[in-house]
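The transmembrane segment annotation in TrEMBL covers B:6-26, B:31-50, B:56-74, B:86-104, B:133-153, B:184-204, B:216-244, B:256-279.
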Amino acid sequence: MSDLIWKRSGIALVAVLLLAVPFILENDMLGVAIVCLAYAVAAIGLTVLVGVGGQLSLAHGFFVAVGAYAYTVFGSPKGEHLFGFGLPPLIAAIGAVVVAAFAGLAFSPIARRLGGLYLGMASLALVFIADYVFQRVGALSGGSGGRMVPAFTVGGLQLSGFTKHLWIAGVDFGGMQRLWYLVLIVAVLSAVAALRIVRGRPGQALQLMRDNPAAAAAMGVNIPRAKSGVFVMSSAYAGLAGVLIALQAQTVVPHTFSMTLSLNLLVMIILGGLGSVQGAVVGAVVVNLLPAILDKLGTSGALAFIDPTGVRGMSGGLFSALVFGAAVVLVLIFEPLGLAGLFRRAVRRASITRAG
Amino acid sequence: MLETLLQGLSSSSIYAVLALGFVVIYKGTKVVNLAHGSVMLLGVYVISLLAPRLGFWPGAVIGILVGAAGAVVIQFMTNAVRSKDHLVMTIMTIGINVMIAAELTHEIGDATVFTGDPWGNRSLSIGGSSFPVSRLMALIVGSVLIGVIFAIFRFTQFGVKLRASAVDAETSSLLGISQRSVSIWSWVIGGGLATVGGIFLAAFPANGLDSGSATLAMSAIPAIIIGGMDSAGGAVLGGLIVGCGEAVARRLIPELAPVLGDSFASVVPFILMLAVLLVRPSGLFGSKVVQRV
């Protein structure tokens, strides 16, 4: 009984903190916080694919890119040298998710046949082909300079980008503050949906497929369909994340979606614990937050070995890459369930102490 | 035509050397070393530090040894995974790759790394067309190395052990084959091959390597997928298909389809890979995974 109260009050505390974020954080860190949640959505999709389904993908960043560019193309008016459809933002966003899902479906003749490692290698093709397409088709990507992302507006209320001032309780509710709430809602809904999938029948079928394909097939799981299904689902999540990331960045540049992004997404879900939805969220927050915090501390002189410009020391991004790389190795050796596993163990220990 | 063929063959041999590295490691330990590119860059970076003082050849030997040693360290780390799940071990190499890449980026910065190889930018005239000496060396060294590796597989005790372990690790371990030594030596060979491939990737007509060049090793992935991940012969054939396909595309695109642009040639290996996967999911020579219930 007391555990339930603890759990509920914990969730309530987190909810209040999340709602209060725009009142606490300055604009630059609020941007980082939005990026954290946006990548959390992508990481949730990837952890279901890799952790629950046992299918490795090195191209998750590709589907994030598809979402970001599809939203931009659908939402922008037709330019002189740029593709654009001028659709309303909400339809553009939904369309972007659908396009990302279809991109996943288009890859499924390959995704449904290949297991784990082979799929990982094959998915590399998408990263390299996308890189070529973005460089070659300037009308799509706007070239290496990137292109502007249309702001998100629903019913006359603008939820991203630059907006008129709207003061609430001494805080200027600009586009960034409004976007935080939009991204928060989307992230919470994505996490809840993913939890239902993982804990329900599809999740159990996927786990069995990962651990013992023959047994899964004998139990009536259609293996090729399950493989392509989970791939499409993870692509849709990536596409949704892509829309959010584009809205935050306001300009999409091809460089954002390099292979490094796909690898970073994998780092997020490993640190969080493969297969754990909550872990993926925590992993995404840690991976995106640490470089920003380090750079901030380095600039203020609190950390002598960090320098964002890279003159006096390492940049925060490089240093955190070292930390994350080492953390991945340590996690996989000592705690394969990642931060989620550590947390679960700590909670169990605490409840045993309270009970005894 | 001859020029295209020679170009194709020489880049094939670089692909094949890198692909063989992946395959040897996969045969020995069932792990795909996704840190292959970082190992390659590490070896080349060491050569670039030593070559000005010791000369190219001693530097190259030490660099290749460092690449091999680095690979063995990675093998130790992946081997510490308790579940011995190959997918998890492969994923760990991603983390190791992130770590090495960050350190190398910090060391190298914006600079370009040169090995100081003795071939420079000289070219030979073969059949009326000019051909870089470095590429000829890549072709020769690559072919010799491939021959040596096949001889090792075929005739040495290690080769027999490796092949036996690749077929059935558990049984061969019961028959007294040390999986530990097989694993270590396969990574030694893999790391060494990665560095050799890196030397030629850095040589003329390319202009050295920069801190982002680790991704170049990933372009050998289509070769191993086309050939089949556990087939050394397949890796060489895959390298040939990929290298020649790329050279032919580079030659034909400006005439046939200028819309696609020059950079299309570098995507050709990946398109070939996807095409092969659609027809044969385990590559041309890969062993099919049979499910027994």
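The backbone N, Cα and C atoms fix where each Cβ goes, and this holds for glycine too.
Note that TrEMBL annotation is computational and uncurated.
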Which listed range (B:86-104, B:133-153, B:184-204, B:216-244) shows the maximal number of Cβ pairs under 8 Å with respect to the transmembrane segment (B:6-26)?
B:216-244
With Cβ distances under 8 Å as the criterion, find the stretch in B:31-50, B:133-153, B:216-244 that has the most pairs with the transmembrane segment (B:184-204).
B:31-50
Positions on the same chain near the transmembrane segment (B:31-50), where near means CB under 8 A and six or more residues out:
18, 21-22, 25, 56, 58-60, 62-64, 66-67, 70-71, 74, 78, 86, 89-90, 93-94, 96-97, 100-101, 104, 107-108, 113-116, 187, 190-191, 194-195, 197-199, 201-202, 209, 211, 213-218, 220, 229
Under 8 Å between C-beta atoms and at least six residues away from its ends: which parts of the chain pack against the transmembrane segment (B:216-244)?
5, 8-24, 26-27, 32, 36-37, 40, 146, 149-150, 153, 166, 194, 197-198, 201, 209, 266, 268-270, 272-273, 276-277, 282-287
